[in-house]
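Here is the structure we will look at, set down as structure tokens.
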Amino acid sequence: MSSSDKKLKDPIRIVITGAAGQIAYSLIHQICSGDVFGQDQPVILHLLDITPMMTVLQGVVMEIEDTSLPLVKGAIPTDDLETAFKNVDVALFVGAMPRKEGMERKDLLSANVKIFKSQGTALDTYANKNVKVLVVGNPANTNCYILAHYAPSIPRENFTCLTRLDHNRAKGQIASRLKVTPDAVKNVIIWGNHSSTQFPDVRSATVTIHGKETPVYEAVKDDNWLKNDFVSTVQKRGAAVIAARKLSSAMSAAKAICDHMRDWWHGTNENEWVSMGIISDGSYDIEKGLVFSYPIEIKNGKLSIVQDLKMDDWSRELIDKTQKELVEEKNDALKATDPE
């Protein structure tokens, strides 16, 4: 049955920032095909980028038309914040200032503070008040923190940043080590910052081998690998992709964005969680208000942190380390918002 035979819902409006970039190029088709929000959910895309990218963006709109997908009810290319954020239901902040060679981290932060301050203000003014927000552009956690800071009328629980790519990378590493498909691995966790201090944690993860669910630690039988090489491979995977491709992850990042939004929209499976950066409520002794990646269960669009997972000294130390980096980033970003 084609989607035209089904009863379609009213269209939702989705803004994608950095829409002329390479992640968006991998992302747009998946969103338009119904793969994320459902085969009965039409979409109107608001495609935002900077003025010099408008010609490129026109080309992207031509290609969207040429895919001839039935769920697409419109694609609006724009460099104007009001047009971009007007009445949107979903906001995907893919664009950010990329780090250029020789750039200090604080320069990168202050450039991004500028971007996310103006976009946060526009989100607050023009978007639907129930808008679901996902920040992808790096430094994603801190950009999300700034965005939320400047969009006070949007509920705090509607702000998220992407750590699903790290989550998927962790699943992939375990799956390949055990020679199973990644869907056999569940309940890995990414704690903290989407950076090289993140803590990929498989102490609560399981893997299904020959129909039997086994703790990952028992299946791998190599604690040294799990505590060292596995952790550092996941932490540094983004840099490894850049070294090989001379470009940052795009296909896998777009897939992770789709996974994140699909789960938020439709919910997670029973007894299964995913990793998302959210505004901390103080769980696991993380500073309240910090944007921190946690294990998250989702029901009816509501995100909740999985509680009471066991912590040993080793994992606590890694969680504290990534929290320390996030607090520093947040303080630097706040200084950049108000340099006086």
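Just so it is clear, glycine is given a Cβ too, placed from its N, Cα and C backbone atoms.
What TrEMBL says about this protein:
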- 13-159: domain 'Lactate/malate dehydrogenase N-terminal' (DOMAIN)
- Asp49, Asn112, Val136, Gly137, Asn138: NAD(+) binding site (BINDING)
- Arg99, Arg105, Asn138, Arg169: substrate binding site (BINDING)
- His194: active site, proton acceptor (ACT_SITE)
Max CA-CA distance, Å, over listed NAD(+)-binding residues Asp49, Asn112, Val136, Gly137, Asn138: 16
Spatial neighbours of Arg99 (substrate binding site), counting only the recorded positions Asp49, Val136, Asn138, His194 and Cα distances within 10 Å: Asn138
Rounded to the nearest Å - Cα separation of the residue listed as 'active site, proton acceptor' and Gly137 (NAD(+) binding site): 10
Val136 (NAD(+) binding site) to Arg105 (substrate binding site) - Cα separation in whole Å: 17
Among Arg105, Arg169, His194 [recorded positions], residue with fewest other Cβ within 10 Å: Arg105
Max pairwise CA distance, angstrom, over record-listed substrate binders Arg99, Arg105, Asn138, Arg169: 25
Fewest other C-beta atoms within 10 angstroms, as judged across Arg99, Asn112, which are the binding-site residues: Arg99
